[in-house]
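Right, one structure below, let's go through it.
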Amino acid sequence: MAFHAEGLVAIIVFYLAILAVGIWAAWKTKNTGSEGDRSEAIIVGGRDIGLLVGGFTMTATWVGGGYINGTAEAVYVPGYGLAWAQAPIGYSLSLILGGLFFAKPMRSKGYVTMLDPFQQLYGKRMGGLLFIPALMGEMFWAAAIFSALGATISVIIDVNMNISVIISALIATMYTLVGGLYSVAYTDVVQLFCIFLGLWISVPFAMSHPAVTDIGLTAVHHVHQAPWLGSINSLDIYTWLDNFLLLTLGGIPWQAYFQRVLSSSSATYAQVLSFLAAFGCIVMAFPAILIGAIGASTAWNETEYGVPDPMTKKEADMILPIVLQYLCPVYISFFGLGAVSAAVMSSADSSILSASSMFARNIYQLSFRQNASDRELVWVMRITIFLFGASATAMALLASSVYGLWYLSSDLVYIIIFPQLLCVLFIKGTNTYGAIAGYLFGLVLRITGGEPYLYLQPLIYYPGCYPDENNIYIQRFPFKTLAMLTSFFTNIIVSYLAKYLFESGTLPPKLDFLDAVVARYSREHMDKATLVKSDNIVLNELAPVNPRHSLTLSSTFTNKEAFNYVDSSPELSNTEDN
């Protein structure tokens with residue numbers, strides 16, 4: 001394949017434009033907020049992100065390289081098809097559920113990161129434990145999409161994959177480093193526009209290629225391969241449901257999502273942003289679905305790609321750039337390449353910023369340096385943005401199973417963080433003992449279920465499991481959802497058991513070594529549980545936790561405070577200004 005200088009020039013122009021927008025947004029950040037809240041401006045954009053920019057940035061966070069490449073791949077792969085392209089519906093429902101139930105309580109109580117309520121209620125130990133799967137999810141996701149971008153660029157313009165990954169990562173890290181959420185948000189607007197325009201321009205040209213059969217015909221008839229609408233085998237229904245619930249419910253507890261929620265100017269705006277992004281995810285999936293259908297409807301032996309087809313060559317995951325390269329004119333494929341690059345950068349920058357925000361706020365400040373100055377926190381975030389960006393780049397270049405690591409870490413987000421988030425927001429009376437027990441039970445059940453991408457054999461063989469071509473057993477049973485539910489109920493049961501044992505006098509107070517039950521109802525210890533001091537952070541950023549000396553069974557499963565809150569964000573901003 002020949003080197004395409006025009007394509008390289010187009011990518012350079014696109015990257016320079018994105019960098020310029022990011023630097024402009026960074027300059028805008030410096031003129032936002034007072035000198036004392038620069039770190040908060042980097043994390044949550046001064047809490048003044050409007051509907052337009054907020055809707056774009058939240059949509060772009062989900063519509064990344066994995067989203068459009070993965071959707072096209074699912075539609076293309078014979079035997080799977082559109083029926084298995086779960087991301088568009090799954091992520092859209094995730095955003096709707098997040099808007100309905102999670103956005104308002106999180107924004108109303110003025111949290112700064114997703115981990116704040118955990119550290120407030122469960123303490124710094126539990127906050128540190130929950131930081132691990134959250135960090136793994138963000139880092140492996142960024143590495144996976146950097147790797148996908150490098151492969152895409154190497155397919156279309158035939159440049160070294162490693163160079164393309166490094167340059168792309170440097171650009172994304174640079175504007176995130178200087179501007180924080182403002183740079184990420186405003187570049188997301190440009191990137192989402194590029195994704196929409198680039199892919200929709202490519203679709204008509206690819207569809208009109210002589211080697212492409214009418215996609216309406218190939219949707220239901222076997223022409224070059226099985227129909228691209230796909231089907232769900234009766235044996236795979238539970239696997240399909242397990243994966244769908246993972247996308248829908250596991251898509252909620254991500255810092256990248258809550259960073260947009262918490263940057264909204266009000267709790268109501270946070271909900272509206274979630275609904276707008278849900279609609280945006282559906283709209284942006286259509287060109288990717290069509291490109292996958294086009295790939296399934298192409299006689300590849302009649303194109304320059306030749307034989308065998310991408311599926312036989314095990315290049316199904318590259319079907320989107322392959323369609324752009326071989327079914328579109330050269331100048332059109334460069335537009336499409338810009339779209340893919342934009343999609344990757346719009347997700348990677350969000351992941352890097354999210355990981356840095358959680359570390360600076362919840363690990364460095366609230367756990368170790370309660371008296372850290374705002375300037376110190378800003379520098380910690382800048383350093384960690386660079387380090388996390390470099391780590392994601394290194395993993396993309398060196399790890400052979402980045403996607404397997406991301407699959408496992410995203411499972412942990414669903415199995416561990418989601419049930420913990422449910423408990424901390426909506427279930428009364430849970431404590432650190434229950435949280436740790438739920439964490440461990442969920443972790444053990446997930447790891448013992450195995451992971452084919454990492455060639456990890458299961459230790460528990462659930463009904464319906466079978467060996468694949470590598471003799472690694474695949475689980476048909478929805479064991480991920482089982483692990484999530486086990487983690488959830490374990491948290492509640494152990495929390496109430498610990499509460500009963502201590503309050504009834506069965507266990508002496510001195511055995512409450514986590515200060516989670518006895519000491520929790522002392523005002524002195526409650527102040528320690530917030531892990532902050534009044535001279536360096538506004539305490540009303542964290543939700544007030546009132547002492548509860550007794551609870552009835554009927555009130556256990558409905559935390560009415562989570563539903564009957566008042567949108568206190570204007571008051572919070574007034575307090576902070578004063």
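For all residues, glycine too, the Cβ spot is worked out from N, Cα and C.
Features reported for this protein in TrEMBL:
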type     : residues : note
TRANSMEM : 6-27     : transmembrane segment
TRANSMEM : 48-68    : transmembrane segment
TRANSMEM : 80-103   : transmembrane segment
TRANSMEM : 129-157  : transmembrane segment
TRANSMEM : 163-182  : transmembrane segment
TRANSMEM : 189-207  : transmembrane segment
TRANSMEM : 237-257  : transmembrane segment
TRANSMEM : 269-298  : transmembrane segment
TRANSMEM : 318-344  : transmembrane segment
TRANSMEM : 377-399  : transmembrane segment
TRANSMEM : 405-427  : transmembrane segment
TRANSMEM : 482-502  : transmembrane segment
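When Cβ-Cβ distances below 8 Å are used as the criterion, the transmembrane segment (269-298) is approached by residues 50-51, 54-56, 58-59, 61-63, 67-69, 71-76, 78, 81-82, 85, 87-89, 91-93, 95-96, 98-100, 103-104, 106-107, 192, 195-196, 199-200, 202-203, 206-207, 209, 211-215, 217-219, 223-225, 228, 260-262, 310, 319-320, 322-324, 327 of the same chain, each at least six residues removed from its ends. Remote same-chain partners of the transmembrane segment (377-399), defined as residues 6 or more beyond its termini with a Cβ less than 8 Å from a stretch Cβ, comprise 38-39, 42-43, 138-140, 142-144, 146-147, 150, 162, 165-166, 169, 172-173, 176-177, 180, 348, 351-353, 355-357, 359-361, 364-365, 405. With a cut-off of 8 Å on Cβ pairs spaced 6 or more residues apart, the transmembrane segment (237-257) and the transmembrane segment (80-103) reach 3 or more such pairs and are scored as touching. Here the transmembrane segment (163-182) has Cβ contacts under 8 Å with residues 15, 18-19, 21-23, 25-29, 32, 41-45, 49, 146-147, 149-150, 153-154, 259, 263, 341, 344-345, 348-349, 352-353, 381-382, 385-386, 389-390, 392-393, 396-397 of the same chain, all six or more residues outside its ends. Contact count against the transmembrane segment (189-207) (Cβ pairs under 8 Å) is highest for 318-344, out of 6-27, 129-157, 318-344, 482-502. Sequence-distant contacts of the transmembrane segment (129-157) (same chain, at least 6 residues past either end, Cβ-Cβ under 8 Å): 3-4, 7-8, 11, 64-66, 69, 114-115, 118, 164-165, 168-169, 253-256, 317-318, 320-322, 324-325, 333-334, 336-337, 340-341, 344-345, 347-348, 351-352, 354-355, 358-359, 362-363, 388-389, 391-393, 395-397, 399, 402-403, 405-406, 409-410, 412-413, 416-417, 420, 436, 439. Among residues of the same chain six or more beyond the transmembrane segment (80-103), those with a C-beta under 8 A of the stretch's C-beta atoms are 58, 62, 67, 70-71, 74, 226-232, 240, 243-244, 247-252, 257-258, 261, 264, 267, 270-275, 277-279, 281-282, 285, 289, 292-293, 296, 421, 425. Counting only same-chain residues 6+ beyond the ends of the transmembrane segment (48-68), those with a CB under 8 A from a CB of the stretch are 32, 87, 91, 95, 141, 144-145, 148-149, 152, 181, 184-186, 188-189, 191-192, 195, 199, 251, 256-257, 260, 263-265, 269, 272-274, 276-277, 280-281, 284-285, 287-288, 320, 339-340, 343-344, 346-348, 350.
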